[in-house]
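Colleague: Could you have a look at this structure, given as structure tokens, before my questions?
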């Protein structure tokens, strides 16, 4: 009986200990894979901004939009498997400079004088695209102003 007891105990211990090992790790360990940092989803008029939270869209040319229809594309950020990089300098407790004078985290935005200095715009923002967005906004304002004059 003792001859079969020892191999049985070893077999049981082996079975129990192999259940404790993580089986789905990549070769070389979890830190062997390169960081897959990506930019956050584009949002706002002309996709000129980046998502800072599920309902926050900010860009250097447009400021910050919170809870507006332009932020709907930011909701899909919650469903993506990897985190994103918003860009900008760190500010506040856990925020980043999102627009000139504005510091945002994933939940809210606050005015912050640290962000008045040289806000780093997103790498993918094309200056010609920003000009067209600014031009679109200016044209809309002019159209609204001219409509207001005709009504009087």
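In case you wondered, yes, glycine gets a Cβ from its N, Cα and C as well.
Computed from a predicted structure; not experimentally measured.
What Swiss-Prot shows for this protein is this:
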DISULFID  20-25  disulfide bond
DISULFID  40-84  disulfide bond
DISULFID  43-57  disulfide bond
DISULFID  51-74  disulfide bond
DISULFID  58-64  disulfide bond
DISULFID  91-103  disulfide bond
DISULFID  97-115  disulfide bond
DISULFID  104-109  disulfide bond
MOD_RES   28  glycine amide
SIGNAL    1-19  signal peptide
Colleague: Listing them in sequence order, which of the disulfide-bonded residues 40, 43, 58, 64, 74, 84 have their Cα within 10 Å of that of residue 104 (disulfide bond)?
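Modeller: Neighbours among disulfide-bonded residues, in sequence order: 58, 64.
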Colleague: Go through the disulfide-bonded residues 57, 74, 91, 97, 109 and tell me which ones have a CA within 10 A of the CA of residue 64 (disulfide bond).
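Modeller: Within 10 Å Cα-Cα: 57, 109.
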Colleague: Of 57, 64, 97, 115, the disulfide-bonded residues given in the record, which has the fewest other CB atoms within 10 A of its CB?
Modeller: 64
Colleague: Looking at the disulfide-bonded residues listed here (43, 51, 84, 97, 115), whose Cα lies nearest to that of residue 103 (disulfide bond)?
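Modeller: Minimum Cα distance from residue 103 (disulfide bond) across 43, 51, 84, 97, 115 lands on 97.
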Colleague: Looking only at 40, 43, 58, 103, 104, the disulfide-bonded residues on record, which one has the least crowded Cβ, with the fewest other Cβ atoms within 10 Å?
Modeller: 40
Colleague: Across all the protein chains here, work out how many other Cβ atoms are within 10 Å of the Cβ of residue 51 (disulfide bond).
Modeller: 26
Colleague: For the disulfide-bonded residues 74, 84, which Cβ has the most other Cβ atoms within 10 Å, all shown protein chains included?
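Modeller: Of 74, 84, the one with the most crowded Cβ is 74.
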Colleague: Given the disulfide-bonded residues 51, 97, 109, state which is nearest to residue 84 (disulfide bond) when distance is taken between Cα atoms.
Modeller: 51
Colleague: For residue 109 (disulfide bond), what residues in its own chain, 6 or more apart in sequence, show a Cβ-Cβ distance under 8 Å?
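Modeller: In sequence order, the residues whose Cβ lies under 8 Å from that of residue 109 (disulfide bond) (at least 6 apart) are 52, 56, 58, 64, 66, 95, 98, 102, 103.
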Colleague: Work through the disulfide-bonded residues one by one (40, 51, 97, 115) and name whichever has its CA nearest to the CA of residue 57 (disulfide bond).
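Modeller: Considering only the listed disulfide-bonded residues, the nearest one is 51.
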Colleague: Hey, of 40, 43, 91, which of those disulfide-bonded residues are within 10 Å of residue 74 (disulfide bond), Cα to Cα?
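Modeller: Within 10 Å of residue 74 (disulfide bond): 40, 43.
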Colleague: Given the disulfide-bonded residues 40, 43, 51, 97, 115, which lie close to residue 91 (disulfide bond), meaning Cα to Cα within 10 A?
Modeller: 97, 115
